[in-house]
Amino acid sequence: MLRMLKRQQLHPGMILLLFWLCYLIEDQKVQAGNCWLQQGKNGRCQVLYMPGMSREECCRSGRLGTSWTEEDVPNSTLFRWMIFNGGAPNCIPCKETCDNVDCGPGKRCKMNRRSKPRCVCAPDCSNVTWKGPVCGSDGKTYRDECALLKSKCKGHPDLEVQYQGKCKKTCRDVLCPGSSTCVVDQTNNAYCVTCNRICPEVMSPDQYLCGNDGIVYASACHLRRATCLLGRSIGVAYEGKCIKAKSCDDIHCSAGKKCLWDAKMSRGRCAVCAESCPESRSEEAVCASDNTTYPSECAMKQAACSLGVLLEVKHSGSCNCK
């Protein structure tokens with residue numbers, strides 16, 4: 001290059017300028033690496049987002065957890081890191097502090113015990129006016145609405161407040177918000193639902209449902225509407241029109257369900273049978289319609305499936321208590 005510059009007889013100042021430009025271009029060359037969505041507890045980068053990306057591009061989003069590795073390695077090495085090594089080594093997190101970290105609504109950035117920035121649930125409860133317990137859409141009672149919002153943040157995005165106060169077994173004293181109506185479901189829990197006054201026209205006979213009350217409903221919408229107006233759950237016995245069955249042998253259940261015979265009403269209904277039940281606590285015991293105490297409602301349903309007969313909860317607790 002010097003020989004070429006001498007041949008052109010350039011001014012010494014111009015030669016120095018060219019050398020300086022070459023240095024700048026070489027020094028500012030973008031270094032490609034790999035962008036990752038998170039750094040694991042083992043300190044390695046995990047969940048590859050994009051290979052061949054500079055650190056500046058990778059960290060531009062400001063997302064907490066995004067990390068970068070500078071090694072430009074073949075795909076086979078990336079695969080080995082992810083599958084066998086628990087992630088990529090020499091992991092450089094984009095964020096070392098909580099500065100400019102956007103955790104999204106209902107969350108805030110907080111430094112953990114290992115001095116790492118982490119997004120934690122911190123819902124805005126400043127607009128919550130009711131300070132007492134609330135019943136959630138999952139049927140659980142929460143200490144207050146703020147506690148429910150924290151649970152919603154921690155992986156239950158569909159969780160909402162059903163009504164104020166503890167969850168109840170009847171619609172008595174339940175005040176539903178807006179135009180929603182209180183309905184008692186099949187598990188004897190009170191819920192607030194919105195009643196559809198108009199159902200779309202039935203296009204196929206496959207939409208027919210036989211209700212647990214022995215009435216044929218044109219569609220699931222029609223059954224829900226009847227449930228709303230009645231104020232308690234009707235439930236689906238089986239798909240199709242109701243038939244005069246002599247036993248469960250006459251009833252066809254869809255896959256994964258078994259027919260249970262209701263001797264009292266002389267009709268059957270299809271139910272999902274659980275293979276196993278979680279360990280139950282003493283307060284979960286129920287008294288069933290056969291006057292037997294079961295450790296839990298799940299255990300009662302298991303017994304019903306084994307016997308092939310319908311069992312329902314008479315009341316919570318032991319049969320000897322009432």
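We number each residue from 1, going along the chain as drawn.
Backbone N, Cα and C define each Cβ position, glycine as well.
Per Swiss-Prot, CYS228 makes its disulfide bond with CYS195 among CYS195, CYS199, CYS259. For CYS221, the disulfide partner named by Swiss-Prot among CYS192, CYS199, CYS248 is CYS199.
For CYS119, the disulfide partner named by Swiss-Prot from the candidate list CYS103, CYS125, CYS135 is CYS103.
Looking at CYS259, CYS287, CYS298, the record from Swiss-Prot puts CYS277 in a disulfide bond with CYS298. As a whole-number mean, the pLDDT of the domain 'Kazal-like 3' (267-321) in this prediction is 89. Within the same chain, the residues at least 6 positions away from CYS277 (disulfide bond) whose Cβ sits under 8 Å from its Cβ are PRO295, SER296, CYS298, ALA299, GLN302, listed in sequence order. Beyond its flanks by at least six residues, the domain 'Follistatin-like 1' (97-120) meets 62-64, 149, 152-153 of its own chain at Cβ-Cβ distances under 8 Å. Secondary structure at ASN75 (N-linked glycosylation site), as computed by DSSP, is helix.
Relative to CYS109 (disulfide bond), the recorded positions with Cα atoms inside 10 Å are CYS121, the candidates having been CYS58, CYS59, CYS121, CYS210, ASN291.
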